[in-house]
Amino acid sequence: MISLGSASAAPGEVDTGRLEVGETRDGTTVGLPCAVVNGASDGKTLYLQAASDGDELNGVGVIQRLFPQLDPTELSGQILIVGIVNYHAFQVAQHRNPIDDTKMNRAYPGDENGTSSERIAAATFGAARRADLILDLHQGSTSQMIDEVRVRCGRHHRLHSECLQLAKTFGCGYVLDQKGPDGQLARAAPDEGIPTVDPELGGCVGWDEESIQKGVRGVYNVLKGYGFIDGSVETERQTRAKGFDQYGAPTGGLVRFKKSLGEQVSAGDVVFEITDVFGGLKARVTADNTGIFWRSRRLPQVATGEYVCSVGTGIDTF
Ligand SMILES: [Zn+2]
C-alpha cells in the first residue's frame with residue numbers, strides 16, 4: 001500500500017484524494033487534490049506537481065490528460081501527484097498565494113509551522129522527498145514563452161548532470177540551465193539528492209493545447225526513459241541557454257516585436273520598437289548579445305521601465 005494524503009493504493013491500483021494543509025478563512029479544510037499510482041511491479045518513484053503558481057494551468061492540463069491514461073498494471077514503480085499546489089492562488093486565478101502574497105516557488109523546503117505558503121511547501125515537499133525524480137510543472141505565467149525545461153540546481157551542483165539528463169529526457173527542445181533563486185523546489189530537492197526539473201510549458205491565459213501536449217509527451221518520455229513503462233525514448237539534442245538578457249521599455253507606448261519566439265537574435269538586431277498611439281516611432285531597441293528570443297509580454301502597452309521581453313543567452317546544445 002502507498003498513500004499520499006487521503007489517497008491510497010495497493011500494487012496495481014490508483015487512487016485520488018486530498019492532502020490537507022490547514023484551513024481557509026471560513027474554516028474549511030484546505031485539501032490539495034492529490035493522486036497515487038501504485039505500479040504492479042517495483043521500480044522508481046516519480047513525484048509530479050502542478051499549479052505551484054496559481055495562474056499556471058498548463059500543468060493541470062497535463063495531469064488531467066495523463067492520469068486517466070496511466071495503467072498501474074503496466075507500471076513499474078510509483079507516481080505521486082499533487083494536481084494543484086498553490087490552492088489559494090488557484091481559487092482566484094492569481095500567480096502568488098494571496099494569503100501571504102508569496103510566490104510558492106520561493107518557499108521550499110517549507111515550514112510546517114510557518115506561513116501559508118511555507119506550510120503548503122512543507123506538505124508537498126514531504127511527498128516530493130519520497131521520490132527518485134521530481135517534475136514541477138510550470139509555465140511562463142501568462143506571458144508568451146517557448147516550451148522549455150529549467151535546471152535550477154546550478155552547474156556546480158553534484159546532481160547537475162542528472163538534472164540535465166532528466167531535462168533532456170523530458171525533451172521540450174530548449175533548456176534553461178541557470179541556478180535558480182533560493183526556495184525553489186528544483187533547488188531544495190537536488191540538495192536532498194533527488195534530480196528535479198521545472199518543465200516550463202509555454203505561457204498563456206488559461207490552457208494552451210500545444211504546450212499541454214508537449215508536457216504530456218514529456219512526462220511519458222520520463223516514464224519510458226526511467227523504466228516506469230515499456231518503451232524507449234529517442235532523446236533529441238537540446239538547445240541550452242545559460243542565462244537571460246531582460247529588456248525593458250525605454251519610453252512609454254506600444255510595443256511592436258521584430259523577433260518571434262524561438263528566433264535567433266544577433267547582437268545589434270532590432271528586437272522591438274515602441275510607437276505612440278498614432279504610429280509614430282518613439283524608440284528602437286537592439287540586442288546587447290546574441291541569443292534566442294525566449295519570452296515576451298502579452299499586452300502591447302508599456303510604461304517607461306516596464307518589462308518587455310527576454311533573450312536567452314550563452315547558447316549551446318547538448
Ligand atoms: Zn511558475
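Easy rule for this one: first residue shown is 1, then count along the chain.
Any Cβ shown, glycine's included, is placed from N, Cα and C.
Record features (TrEMBL):
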type	residues	note
REGION	1-25	region 'Disordered'
COMPBIAS	15-25	compositional bias 'Basic and acidic residues'
DOMAIN	42-224	domain 'Succinylglutamate desuccinylase/Aspartoacylase catalytic'
For the domain 'Succinylglutamate desuccinylase/Aspartoacylase catalytic' (42-224), what is the mean per-residue pLDDT, to the nearest integer? 98
Residue distribution over DSSP helix, strand and coil in the region 'Disordered' (1-25): 0 helix, 17 strand, 8 coil
